[in-house]
Amino acid sequence: MSLLRAEWTKLRTVPGLAWCLLAAAGAIAAFAVVISSGSPGTFGGAAYVDEFRFVHRPLTGDGTLVARVRTQDGGHPWAMAGILLKQSATPGAPYAALMVTPGHGVRLQSGFTTDLAGSRRPAPRWLRLTRAGATVTGYESADGTAWSTVGTVTLDALGPSAQAGLFVTSPGMTRVVPMRPALVRIRPGSATFDSVRLETETPQPAAAWRGTDVGGPADRSGPAAPDPDGAFTLTGSGDIVGRTDDGSRIVAATAGTIFGVLPIVALGALVTTSEYRGHAIRTTLAASPRRGRVLAAKAVVAGGAAFAAGLAGTALALLVSQPLLRRQGFRPPVYPDPALSDPAVWRVVAGTAAFLALVAVLGVGLGAILRRGAGTIAVLAGALLVPLVVTPFLPADAGRWVQRLAPLAGLSLQQVRESDDALLLPWAGRPWTGLAVLCGYAGLTLLLGYAVLRRRDA
């Protein structure tokens, strides 16, 4: 206990260390206020996202649309390429979509809520939609001969005449929490279709294929024609999904973590290296020759102080951001009020504090190895921030694993309801795995720091 008291006294009296704690808590709370005070109505509006590239023609009465998705290029697991029946080429119109996705296989979706799973096979894949009155059935095939049923949906509002065709889209910001202050790569999806045919029960009026960016600029609609070999190549971005609570009202309270982590980096580094500047480390080790205990005490005090600062800053950010978010359109029923009884809320708040605590421990261990404040801060800040900078420019799979294996993996504790890996939110659905990665880095750094401290003279 005497060692802990001594280290706590040093933390309170060494110039700058207390300010690091205040700066970390203040940065988290201040950024929550800034990001929660956007333009009114920014995130209000329709309860769905309906944005995609659509190459279509009219279908009157019953009929069957067949196409093969020959190739698909989309970095997002929910990039979509497939065939679609839609009441009209306008956002929100009733629809049935049969698609191939890179991460979730074949899906039949309707009404922004119905989602029926087919096989897990990616492109190339044959797809078929058959309309019989208000009933639409989706089929898939590997060769265009042997078909298996994906599912059936009922569209009473489809009307006697609908639009049938091909579509492509790929989520960017739509399935990434919009509150997160990170560079998010929005890469359109693209796909090539061939063997496209529309079979009808009754004669149809002559009509050419037309391309429309549904949910996009009206002036980007116009005639569409296949390639010389009869294939269609489409490129589009957006999403087809109902808006649900994506956790934005909770994430807003933690969006400033990436800024609050920098003072904690300095805190962890200076707790150790400040004693080497004036050779005070000799006095410390003379008073307590067991060097492992000295390093452990520094880690406990720095980690505990960082945890307290992170907890206070995140809790304050959560409280002050909620009325601001409600004013900007983040209100029920799409965005329910966060409940303090929700375990996910407590995990996010306490997890943010735990992330900062482990970063401080990393700084303590690295400081014992390098013994230089500037060098320790530079190395640790680089380890935390360089993956953030380079990830958007890497291939999707490589970027995902960079996030999962870097110290920033600890931020996975801030997941609320994200279904796919997002920037700064790796290990989708497994938030504690990211914490384990960061714990591993902190433990390894402390062990190396202890080994160096034992072998070197103070």
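The count begins at 1 with the first shown residue.
The backbone N, Cα and C atoms fix where each Cβ goes, and this holds for glycine too.
Checking TrEMBL for transmembrane segment across the ranges 10-33, 250-273 points to 250-273. Packing against the transmembrane segment (432-453) from elsewhere in the chain are residues 272, 291-292, 294-296, 299, 351, 354-355, 358-359, 361-362, 364-369, 404-405, 407, 409-413, 426: each is 6 or more residues past its ends and has a CB under 8 Å from a CB in it. The largest share of C-beta pairs under 8 angstroms with the transmembrane segment (250-273) comes from 344-370, of the ranges 294-324, 344-370, 377-395.
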